Amino acid sequence: MSFSTLSAENLSKNIKKSYFQHRKIQSYVPVPARPSISTFIELTKPRLTFLVVLSAMSSYALAPFPSASMSTLIFLTFGTTLCSSSANAFNMLIESAFDAQMSRTRSRPLVRGIISLPTVFSFVCITGFLGIFFLAWGVNGTTALLGITNIFLYAGVYTPLKRISIINTWVGAIVGALPPLMGWSASSNGDLFSHLGGWVLAGILYAWQFPHFNSLSWNIRQEYARAGYHMTCIINPSLNARVSLRYSLLCFLLCWALPVTGLVDSFYFFDSSVINMFMTVYAWKFYRHQNEKNARELFFASLIHLPCIFLLALIHKIVMIWPKKENKIQCKNSIP
């Protein structure tokens, strides 16, 4: 072997060594002493938290109890927001090593190194404590207990189960069904059993999550597999699609139960069926042909479905109670 060949090999090794050293330096991101407000907002998973709070507020508005007040609604909103923020930040804290392996989650604050683990843990504790305090002090003990349960199930049960069993999806659906019960409990002063309406609303949220999440997870199943998650879309793709269709059909029955419980008028049978049929058509397509296009269409259909179902319920409640209010006003005016 000639001297020139050895020199070329040594030069190549030195170049590679300096290149990888440079890469290590470039990939290092120092943790700032004071993370920005936007970083803390990212920890809360704002879109998910908004959905949680919206479902709690909708249930509060639909509940037929006269004890409901604006101050209770405000405490419910703040308490639910903080509890959801705590649970979501706790989830990121546990899964930060796995989030780095998925393009969908690798831009999260802990993965990017723009906030430290102790800071996130402090955020989890502070938001969790304040959320439970607001619910216990400004709402009632039952609602606060549901808030604690929400944090525990999401961070302590659902999150680790994602790497163990496909049952995680069913547990996660229970977590998503708790906010309507929190709203109902806030309106009823902690009474969850004298009226079935709160459980029906929770059931709608429970059923809705399967077509929503199963379609979402289908298009990122390779990333879930790479990160080591046990998702139905990976372990049993046909079950994933079948469950989406099954729970889409269940939404019909649950929505039909709302007029039966007296929360809304009987016309809700018809227009809720139109919205449920809209999502079920896409769930059927996804069941017949499991591909990215059908999964994406079902996912967006689910995003339209849930707000429409609750908005229609609120409209039908107003339509139902408005004549009763007018009759009361007329009776008062007619008294000499």
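Cβ atoms here come from the backbone N, Cα and C positions, even for glycine.
Because TrEMBL annotations are produced automatically, they should be read as predictions rather than curated entries.
Residues annotated as transmembrane segment in TrEMBL: 73-94 (among others).
Taken from TrEMBL, the feature transmembrane segment covers 115-137 (among others).
Listed as Cβ neighbours of the transmembrane segment (143-161) (distance under 8 Å, sequence separation of 6 or more from its ends, same chain) are residues 76, 79-80, 83-84, 86-88, 90-91, 94-95, 128, 131-132, 135-136, 167-168, 171-172, 174-175, 178-179, 181-182, 185-186, 190. Sequence annotations record features per position, and here TrEMBL assigns transmembrane segment to 143-161 (among others).
Under the heading transmembrane segment, TrEMBL lists 168-186 (among others).
Look at TrEMBL and you will find 192-208 (among others) tagged as transmembrane segment.
Feature annotation from TrEMBL assigns transmembrane segment to 244-261 (among others).
Sequence-distant contacts of the transmembrane segment (299-322), counting only residues of its own chain at least 6 positions beyond either end whose CB sits under 8 Å from a CB of the stretch, comprise 51, 54-55, 58, 61-62, 204-205, 208, 211-212, 215-216, 219, 251, 255, 258, 263-265, 267-268, 271-272, 275-276, 278-279, 281-283. According to TrEMBL, the feature transmembrane segment maps to 299-322 (among others).
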Hey, which bits of the same chain come close to the transmembrane segment (244-261), Cβ under 8 Å, at least six residues off its ends? 195-197, 200-201, 203-204, 207-211, 214-215, 268-269, 272-273, 276, 279-280, 283-284, 286-287, 298, 305, 309, 313
